[in-house]
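Undergrad: What follows is a structure written as structure tokens; I'll ask about it next.
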């Protein structure tokens, strides 16, 4: 009996030495060769050992003793009396298991797991097919789960796309309705002001013919409306040019003489109210005396005065409609859909400002934008620059501060006095959305705006208020027909 115990102990001792030598290999690499993680592989081996012991797995007493010792070492580590049950002197199996566990010494728990799997694989040829079957089942489940996730993602994207299209169509319809209502109000005010003049003129041109008089009045009203709108556009453009000239004068006031006041266009001699005039007010001028069928009672031919300078390069601005703004909660899915395109992810440093220039597209009628950030908010605003872009390419400019460009131009003016005053040739720009801080780290901020004409949208992302933190911006812009 003593000889048998000594042989057993020596066998386990030799096993522990061999196990330590084999444990030099990477445990994780060993587990990956089986297609599992080490912990998962060990649990699978324990399951196989418990289910097949005494059935498909018939082990010798010494081999089974070794496997049990490895399980103790993998679970508790080095042998401890507090976790080993008390065994009697006549409990041969209990004493053998204790000695086998003690013989493993300081073997690590990871090495014990590896050795258990290796010994089980060597003792039972059915173990490897068992693991391969589980690995195939695991991969099949992962494949099905991935296909289901892809299907749900595609459905969500398609649903979101349809929602955006419906929202865009609804916004366009609302904007068209607002424009139509505004046009009807302007036409009603103009028609009421000129009703008496046009009626008298039509009576002179077509006496005793009510139908021709009504047709002539309709033509005159349409011409009057078109001339009025053209005058509004010209006045708006002129006002914008005056504002830029005043800014130049303020910058140059300290070193240069005051620039001459901008030259204004003479007011056309037509009776045209402002949009805020009350219906029923009478015009201040009488219609000119008719001189043939080509005479228009709204004023002489001089009403189409000379265009302001640069108008042949910049289209006349239209009445700007307010932008639509909304938010949505799926910020993480939005970032995941955007981050694969590096051009749509911008790093904006502290005290910096990023400007995204989006030219209008000849096939589009409305611009859409979406953006979000990581962890912190950012300032955002939208402007429209009345200029003709050479192409439809979207460009991004990041400056260290929002005043950097103005400061550089002021320094150039101050340092080069001999060049005199240089006229700034910037296109006019209208503000659509003022720059305010947006909590875009919590929600996706979205918006749209109907094209007022041909030009370039300027999307301003302002981080100039942040002294230390830089911001990561995820954005997307597109247009609809």
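Positions of Cβ are set from backbone N, Cα and C atoms, glycine also.
Where the annotation comes from TrEMBL, it is an automatic prediction and has not been curated.
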Undergrad: State the residue range annotated as region 'Disordered' by TrEMBL; the candidates are 362-396, 397-431.
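TA: In TrEMBL, the region 'Disordered' feature sits at 397-431.
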Undergrad: Please find, within the list 134-156, 157-179, 180-202, 203-225, the residue stretch that TrEMBL describes as region 'Disordered'.
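TA: Among 134-156, 157-179, 180-202, 203-225, the range TrEMBL annotates as region 'Disordered' is 134-156.
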Undergrad: Restricting attention to the domain 'ACB' (38-129), give the mean pLDDT.
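TA: Across the domain 'ACB' (38-129), the average pLDDT comes out at 81.
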Undergrad: Do you know the DSSP helix, strand and coil residue counts for the domain 'ACB' (38-129)?
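TA: Tallied per class, the domain 'ACB' (38-129) gives 61 helix, 2 strand, 29 coil.
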